[in-house]
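Positions annotated as active site, nucleophile by TrEMBL: Ser235. Taken from TrEMBL, the feature active site covers His300. According to TrEMBL, the feature domain 'EF-hand' maps to 1-28. Annotation comment: TrEMBL describes 123-146, 207-225, 231-250, 262-284, 296-315, 327-353 as transmembrane segment.
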Amino acid sequence: LLSQFDPDNTGYISTEKFRSLLQRHGSELDPHKLEVLLALADSNSEGRICYQDFVNLMSNKRSNSFRQAILQGNRRLCSKALLEETGLSLSQRLIRHVAYETLPREIDRKWYYDSYTCCPPPWFMITITIVAFFLYNGVVLDRFVLQVTHPLYLKNALLYHPQLRAQAWRYLTYIFMHAGIEHLGLNVVLQLLVGVPLEMVHGAARISFVYVAGVVAGSLAVSVADMTAPVVGSSGGVYALVSAHLANIVMNWSGMKCQFKLLRMAVALVCMSFEFGRAVWLRFHPSAYPPCPHPSFMAHLGGVMVGITLGVIILRNYEQRLQDQTLWWIFLAIYVIFVLFAIFWNIFAYSLLDLKLPPPP
(Lines of atoms letter the chains of each structure in order from A and count residues from 1; the text may use other names and numbers.)
(Lines give C-alpha, C1' and ligand atoms only; values in the text may rest on other atoms or scores of the structure.)
Protein backbone atom coordinates (compact mmCIF):
# COMPACT_ATOMS: atom_id res chain seq x y z
CA LEU A 1 0.00 0.00 0.00
CA LEU A 2 2.81 2.43 0.86
CA SER A 3 4.58 1.78 -2.48
CA GLN A 4 1.32 2.30 -4.35
CA PHE A 5 0.44 5.67 -2.79
CA ASP A 6 3.97 6.84 -1.99
CA PRO A 7 6.21 5.62 -4.86
CA ASP A 8 8.99 8.06 -3.92
CA ASN A 9 9.08 6.73 -0.37
CA THR A 10 8.68 10.19 1.20
CA GLY A 11 6.53 8.99 4.08
CA TYR A 12 3.58 11.13 2.95
CA ILE A 13 0.41 10.58 0.96
CA SER A 14 -1.19 13.35 -1.05
CA THR A 15 -4.66 14.40 0.13
CA GLU A 16 -6.06 13.48 -3.31
CA LYS A 17 -4.82 9.91 -3.06
CA PHE A 18 -5.89 9.84 0.55
CA ARG A 19 -9.45 10.82 -0.39
CA SER A 20 -9.59 8.22 -3.16
CA LEU A 21 -8.49 5.60 -0.64
CA LEU A 22 -11.26 6.65 1.72
CA GLN A 23 -13.87 6.57 -1.03
CA ARG A 24 -12.77 3.09 -2.03
CA HIS A 25 -12.67 1.60 1.45
CA GLY A 26 -14.90 3.98 3.46
CA SER A 27 -17.70 1.44 3.77
CA GLU A 28 -15.35 -0.87 5.68
CA LEU A 29 -14.62 1.75 8.37
CA ASP A 30 -16.55 2.84 11.43
CA PRO A 31 -18.58 5.90 10.40
CA HIS A 32 -17.09 8.17 13.05
CA LYS A 33 -13.54 7.05 12.25
CA LEU A 34 -14.21 7.80 8.58
CA GLU A 35 -15.45 11.21 9.64
CA VAL A 36 -12.26 11.89 11.57
CA LEU A 37 -10.18 10.82 8.56
CA LEU A 38 -12.13 13.20 6.32
CA ALA A 39 -11.63 15.96 8.86
CA LEU A 40 -7.92 15.24 8.75
CA ALA A 41 -7.91 15.57 4.97
CA ASP A 42 -9.97 18.78 5.07
CA SER A 43 -7.80 20.41 7.72
CA ASN A 44 -4.44 19.66 6.11
CA SER A 45 -3.15 22.78 4.40
CA GLU A 46 0.05 21.23 3.03
CA GLY A 47 -1.70 18.94 0.58
CA ARG A 48 -0.20 15.80 2.11
CA ILE A 49 -0.75 13.48 5.05
CA CYS A 50 1.87 11.56 6.98
CA TYR A 51 1.52 7.86 6.20
CA GLN A 52 2.43 6.90 9.78
CA ASP A 53 -0.40 9.14 11.04
CA PHE A 54 -2.77 7.15 8.87
CA VAL A 55 -1.40 3.84 10.20
CA ASN A 56 -1.66 5.08 13.79
CA LEU A 57 -5.20 6.25 13.22
CA MET A 58 -6.30 2.89 11.84
CA SER A 59 -4.73 1.16 14.86
CA ASN A 60 -6.61 3.44 17.30
CA LYS A 61 -3.59 5.69 17.99
CA ARG A 62 -3.48 9.40 17.39
CA SER A 63 -0.11 11.07 16.99
CA ASN A 64 0.68 14.66 17.93
CA SER A 65 0.92 15.65 14.26
CA PHE A 66 -2.55 14.26 13.67
CA ARG A 67 -3.94 16.25 16.58
CA GLN A 68 -2.27 19.39 15.35
CA ALA A 69 -3.74 18.89 11.88
CA ILE A 70 -7.22 18.67 13.39
CA LEU A 71 -6.66 21.66 15.68
CA GLN A 72 -5.35 23.84 12.86
CA GLY A 73 -8.29 23.04 10.61
CA ASN A 74 -11.89 24.16 10.94
CA ARG A 75 -12.86 20.88 12.64
CA ARG A 76 -16.10 20.71 10.73
CA LEU A 77 -17.79 17.36 11.21
CA CYS A 78 -19.53 16.05 8.14
CA SER A 79 -22.46 14.24 9.70
CA LYS A 80 -24.83 14.86 12.57
CA ALA A 81 -23.61 15.07 16.15
CA LEU A 82 -23.26 11.87 18.14
CA LEU A 83 -26.00 13.07 20.48
CA GLU A 84 -28.53 13.06 17.61
CA GLU A 85 -28.04 9.44 16.61
CA THR A 86 -30.96 7.11 17.22
CA GLY A 87 -31.45 3.36 17.47
CA LEU A 88 -28.58 2.84 19.92
CA SER A 89 -28.52 -0.02 22.39
CA LEU A 90 -28.43 0.58 26.13
CA SER A 91 -24.65 0.06 26.31
CA GLN A 92 -24.10 2.40 23.35
CA ARG A 93 -26.22 5.08 25.00
CA LEU A 94 -24.21 4.65 28.21
CA ILE A 95 -20.90 5.11 26.35
CA ARG A 96 -22.31 8.13 24.54
CA HIS A 97 -23.49 9.60 27.83
CA VAL A 98 -20.03 9.12 29.38
CA ALA A 99 -18.44 10.80 26.35
CA TYR A 100 -20.65 13.87 26.71
CA GLU A 101 -20.12 13.97 30.47
CA THR A 102 -16.34 14.11 30.28
CA LEU A 103 -15.11 15.32 26.85
CA PRO A 104 -15.51 18.89 25.53
CA ARG A 105 -14.89 18.30 21.79
CA GLU A 106 -17.21 16.48 19.41
CA ILE A 107 -14.34 14.91 17.50
CA ASP A 108 -12.96 13.42 20.74
CA ARG A 109 -16.41 12.21 21.76
CA LYS A 110 -16.89 10.40 18.45
CA TRP A 111 -13.39 8.98 18.60
CA TYR A 112 -13.99 7.67 22.13
CA TYR A 113 -17.43 6.29 21.22
CA ASP A 114 -15.96 4.21 18.36
CA SER A 115 -12.81 3.16 20.21
CA TYR A 116 -14.19 2.16 23.64
CA THR A 117 -14.41 -1.61 24.11
CA CYS A 118 -14.85 -1.88 27.91
CA CYS A 119 -11.63 -3.89 27.99
CA PRO A 120 -10.35 -3.39 30.57
CA PRO A 121 -13.39 -2.19 32.55
CA PRO A 122 -13.07 0.63 35.12
CA TRP A 123 -11.59 -1.76 37.65
CA PHE A 124 -9.62 0.66 39.82
CA MET A 125 -12.49 2.78 41.17
CA ILE A 126 -14.74 -0.26 41.60
CA THR A 127 -12.00 -2.21 43.41
CA ILE A 128 -11.05 0.63 45.73
CA THR A 129 -14.73 1.13 46.59
CA ILE A 130 -15.35 -2.54 47.31
CA VAL A 131 -12.23 -2.74 49.49
CA ALA A 132 -13.16 0.41 51.38
CA PHE A 133 -16.78 -0.55 51.90
CA PHE A 134 -16.70 -4.28 52.47
CA LEU A 135 -13.31 -5.91 52.84
CA TYR A 136 -11.94 -3.95 55.76
CA ASN A 137 -15.00 -2.49 57.46
CA GLY A 138 -17.19 -5.52 56.86
CA VAL A 139 -14.83 -8.49 57.15
CA VAL A 140 -11.96 -7.44 59.41
CA LEU A 141 -13.87 -5.23 61.80
CA ASP A 142 -17.13 -7.19 61.58
CA ARG A 143 -18.99 -3.91 61.07
CA PHE A 144 -19.50 -1.69 58.04
CA VAL A 145 -18.24 1.55 59.59
CA LEU A 146 -16.01 2.18 62.55
CA GLN A 147 -17.38 5.36 64.09
CA VAL A 148 -14.97 7.90 65.57
CA THR A 149 -16.95 7.62 68.78
CA HIS A 150 -16.14 3.91 69.04
CA PRO A 151 -13.51 2.90 71.61
CA LEU A 152 -11.64 0.91 68.92
CA TYR A 153 -11.39 4.01 66.71
CA LEU A 154 -7.63 4.44 67.11
CA LYS A 155 -6.67 0.83 67.74
CA ASN A 156 -6.08 -0.30 64.17
CA ALA A 157 -3.14 -0.38 61.80
CA LEU A 158 -4.66 1.67 58.99
CA LEU A 159 -5.50 5.21 60.02
CA TYR A 160 -2.91 7.98 60.09
CA HIS A 161 -1.87 8.90 63.64
CA PRO A 162 0.76 11.59 64.37
CA GLN A 163 2.55 9.39 66.89
CA LEU A 164 2.84 6.60 64.30
CA ARG A 165 3.79 8.74 61.30
CA ALA A 166 6.99 6.68 60.79
CA GLN A 167 4.78 3.81 59.60
CA ALA A 168 4.69 4.93 55.99
CA TRP A 169 1.74 2.76 54.89
CA ARG A 170 -0.61 4.81 57.05
CA TYR A 171 -0.27 7.76 54.62
CA LEU A 172 -2.23 5.60 52.15
CA THR A 173 -4.25 3.08 54.13
CA TYR A 174 -6.16 5.68 56.13
CA ILE A 175 -8.62 5.82 53.20
CA PHE A 176 -10.16 2.53 54.37
CA MET A 177 -11.36 4.07 57.64
CA HIS A 178 -14.26 6.52 57.79
CA ALA A 179 -15.72 8.80 60.42
CA GLY A 180 -19.24 7.46 60.29
CA ILE A 181 -21.66 5.98 57.78
CA GLU A 182 -22.46 9.37 56.26
CA HIS A 183 -18.75 10.02 55.63
CA LEU A 184 -18.29 6.64 53.96
CA GLY A 185 -21.54 6.89 52.01
CA LEU A 186 -20.82 10.29 50.48
CA ASN A 187 -17.28 9.33 49.49
CA VAL A 188 -18.46 6.08 47.90
CA VAL A 189 -21.21 7.84 45.92
CA LEU A 190 -18.88 10.58 44.66
CA GLN A 191 -16.07 8.28 43.61
CA LEU A 192 -18.47 5.97 41.77
CA LEU A 193 -20.52 8.68 40.05
CA VAL A 194 -17.45 10.73 39.07
CA GLY A 195 -14.52 8.33 39.19
CA VAL A 196 -15.98 5.47 37.13
CA PRO A 197 -16.89 7.60 34.06
CA LEU A 198 -13.52 9.36 34.24
CA GLU A 199 -11.72 6.01 34.35
CA MET A 200 -13.77 4.74 31.40
CA VAL A 201 -12.48 7.68 29.33
CA HIS A 202 -8.97 8.33 30.64
CA GLY A 203 -7.99 4.84 31.79
CA ALA A 204 -7.00 3.33 35.12
CA ALA A 205 -3.39 4.57 35.04
CA ARG A 206 -4.26 8.27 34.85
CA ILE A 207 -7.21 8.18 37.23
CA SER A 208 -5.41 6.05 39.81
CA PHE A 209 -2.50 8.48 39.67
CA VAL A 210 -4.78 11.45 40.42
CA TYR A 211 -6.57 9.51 43.17
CA VAL A 212 -3.42 8.23 44.91
CA ALA A 213 -1.68 11.61 44.53
CA GLY A 214 -4.68 13.22 46.25
CA VAL A 215 -4.61 10.62 49.02
CA VAL A 216 -0.89 11.12 49.71
CA ALA A 217 -1.19 14.92 49.51
CA GLY A 218 -4.09 14.77 51.95
CA SER A 219 -2.24 12.88 54.69
CA LEU A 220 0.93 14.92 54.18
CA ALA A 221 -1.08 18.15 54.38
CA VAL A 222 -2.44 16.97 57.74
CA SER A 223 1.07 16.12 58.98
CA VAL A 224 2.24 19.63 58.06
CA ALA A 225 -0.74 21.88 58.83
CA ASP A 226 -2.64 19.98 61.54
CA MET A 227 0.15 18.12 63.28
CA THR A 228 -1.69 16.83 66.34
CA ALA A 229 -4.66 15.23 64.54
CA PRO A 230 -5.22 11.80 63.01
CA VAL A 231 -6.95 11.44 59.65
CA VAL A 232 -9.37 8.92 58.15
CA GLY A 233 -11.41 8.65 54.97
CA SER A 234 -10.83 8.69 51.21
CA SER A 235 -11.77 12.35 50.83
CA GLY A 236 -8.28 13.30 49.61
CA GLY A 237 -8.56 11.05 46.55
CA VAL A 238 -12.27 11.73 45.99
CA TYR A 239 -11.85 15.50 46.17
CA ALA A 240 -8.90 15.31 43.76
CA LEU A 241 -11.06 13.58 41.14
CA VAL A 242 -14.17 15.71 41.67
CA SER A 243 -12.32 19.03 41.73
CA ALA A 244 -10.37 18.08 38.57
CA HIS A 245 -13.61 17.15 36.80
CA LEU A 246 -15.42 20.33 37.87
CA ALA A 247 -12.46 22.51 36.90
CA ASN A 248 -12.34 20.79 33.51
CA ILE A 249 -16.03 21.55 32.96
CA VAL A 250 -15.53 25.21 33.87
CA MET A 251 -12.49 25.57 31.62
CA ASN A 252 -14.36 24.00 28.68
CA TRP A 253 -17.83 25.31 29.50
CA SER A 254 -18.98 26.01 25.93
CA GLY A 255 -17.80 22.63 24.66
CA MET A 256 -19.27 20.51 27.45
CA LYS A 257 -22.67 19.21 26.33
CA CYS A 258 -23.62 17.26 29.45
CA GLN A 259 -27.23 17.73 30.47
CA PHE A 260 -28.01 20.07 33.36
CA LYS A 261 -24.30 20.82 33.83
CA LEU A 262 -24.99 23.89 35.97
CA LEU A 263 -27.35 21.97 38.25
CA ARG A 264 -24.95 19.05 38.45
CA MET A 265 -22.06 21.33 39.38
CA ALA A 266 -24.18 23.00 42.04
CA VAL A 267 -25.18 19.63 43.54
CA ALA A 268 -21.57 18.42 43.55
CA LEU A 269 -20.36 21.62 45.20
CA VAL A 270 -23.13 21.47 47.81
CA CYS A 271 -22.27 17.84 48.65
CA MET A 272 -18.57 18.61 48.88
CA SER A 273 -19.20 21.72 50.98
CA PHE A 274 -21.52 19.82 53.31
CA GLU A 275 -19.00 17.03 53.84
CA PHE A 276 -16.14 19.50 54.29
CA GLY A 277 -18.19 21.59 56.75
CA ARG A 278 -19.02 18.48 58.70
CA ALA A 279 -15.32 17.55 58.83
CA VAL A 280 -14.41 21.02 60.12
CA TRP A 281 -17.13 20.87 62.77
CA LEU A 282 -16.06 17.38 63.85
CA ARG A 283 -12.40 18.42 64.09
CA PHE A 284 -13.13 21.15 66.63
CA HIS A 285 -15.90 19.30 68.46
CA PRO A 286 -14.85 17.91 71.86
CA SER A 287 -13.45 14.44 71.40
CA ALA A 288 -15.29 11.46 72.79
CA TYR A 289 -11.96 9.94 73.79
CA PRO A 290 -9.61 12.71 74.93
CA PRO A 291 -6.82 13.59 74.68
CA CYS A 292 -6.88 12.41 71.03
CA PRO A 293 -8.78 14.88 68.81
CA HIS A 294 -11.19 14.02 66.03
CA PRO A 295 -9.83 13.53 62.48
CA SER A 296 -8.43 16.48 60.54
CA PHE A 297 -10.13 18.14 57.58
CA MET A 298 -6.88 19.17 55.87
CA ALA A 299 -6.90 16.04 53.67
CA HIS A 300 -9.84 17.53 51.76
CA LEU A 301 -7.81 20.63 50.89
CA GLY A 302 -4.78 18.55 49.86
CA GLY A 303 -6.99 16.59 47.45
CA VAL A 304 -8.48 19.75 45.96
CA MET A 305 -5.04 21.20 45.29
CA VAL A 306 -3.97 18.03 43.47
CA GLY A 307 -7.21 18.04 41.47
CA ILE A 308 -6.91 21.61 40.17
CA THR A 309 -3.24 21.16 39.22
CA LEU A 310 -2.22 17.66 38.14
CA GLY A 311 -5.81 16.49 37.73
CA VAL A 312 -6.82 19.29 35.37
CA ILE A 313 -3.82 18.63 33.10
CA ILE A 314 -4.63 14.91 32.93
CA LEU A 315 -8.34 15.41 32.17
CA ARG A 316 -7.81 18.28 29.74
CA ASN A 317 -5.45 16.33 27.48
CA TYR A 318 -7.52 13.38 26.36
CA GLU A 319 -5.30 10.70 24.78
CA GLN A 320 -2.32 13.05 24.65
CA ARG A 321 1.16 12.26 25.92
CA LEU A 322 1.55 13.99 29.27
CA GLN A 323 5.32 14.11 28.86
CA ASP A 324 4.82 16.55 25.97
CA GLN A 325 2.92 19.03 28.17
CA THR A 326 4.99 21.76 29.84
CA LEU A 327 2.39 22.44 32.53
CA TRP A 328 2.39 18.76 33.44
CA TRP A 329 6.09 18.88 34.31
CA ILE A 330 5.68 22.14 36.22
CA PHE A 331 2.84 20.84 38.40
CA LEU A 332 4.52 17.46 38.82
CA ALA A 333 7.68 19.21 40.02
CA ILE A 334 5.64 21.29 42.48
CA TYR A 335 3.97 18.13 43.79
CA VAL A 336 7.30 16.32 44.22
CA ILE A 337 8.78 19.34 46.02
CA PHE A 338 5.80 19.39 48.39
CA VAL A 339 6.16 15.67 49.12
CA LEU A 340 9.87 16.04 49.84
CA PHE A 341 9.22 19.07 52.02
CA ALA A 342 6.55 17.17 53.98
CA ILE A 343 8.88 14.19 54.47
CA PHE A 344 11.64 16.38 55.92
CA TRP A 345 9.04 18.25 57.97
CA ASN A 346 7.88 14.97 59.49
CA ILE A 347 11.45 13.97 60.26
CA PHE A 348 12.63 17.20 61.90
CA ALA A 349 9.74 19.58 62.74
CA TYR A 350 7.99 17.39 65.30
CA SER A 351 11.13 17.15 67.39
CA LEU A 352 11.96 20.86 67.07
CA LEU A 353 8.48 22.20 67.87
CA ASP A 354 7.09 21.96 71.37
CA LEU A 355 3.94 20.06 70.49
CA LYS A 356 1.73 18.05 72.76
CA LEU A 357 0.86 15.05 70.64
CA PRO A 358 -1.92 12.65 71.61
CA PRO A 359 -0.64 9.42 73.16
CA PRO A 360 -0.15 6.44 70.84
CA PRO A 361 -3.13 4.12 70.67
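Numbering starts at 1 and runs along the chain as displayed.
Keep in mind that glycine also has a Cβ here, set from the backbone N, Cα and C atoms.
Only pairs six or more apart in sequence are counted, and the transmembrane segment (207-225) with the transmembrane segment (296-315) gives three or more Cβ pairs under 8 Å, enough to call it a contact. The Cβ of His300 (active site) has 26 neighbouring Cβ atoms from other residues within 10 Å, across all protein chains displayed. Sequence-distant contacts of the transmembrane segment (262-284) (same chain, at least 6 residues past either end, Cβ-Cβ under 8 Å): 148, 179, 182-183, 186-187, 190, 194, 226, 229, 235, 239, 242, 246, 249-250, 293-297, 300.
Long-range neighbours of the transmembrane segment (296-315) within the same chain, counting only residues 6 or more positions beyond its ends whose Cβ lies under 8 Å from a Cβ of the stretch, are 102, 198, 202, 206, 209-210, 213-215, 217-222, 225-226, 229-231, 233, 235-245, 247-248, 251, 275-276, 279-280, 282-283, 322, 325, 327-328, 331-332, 334-335.
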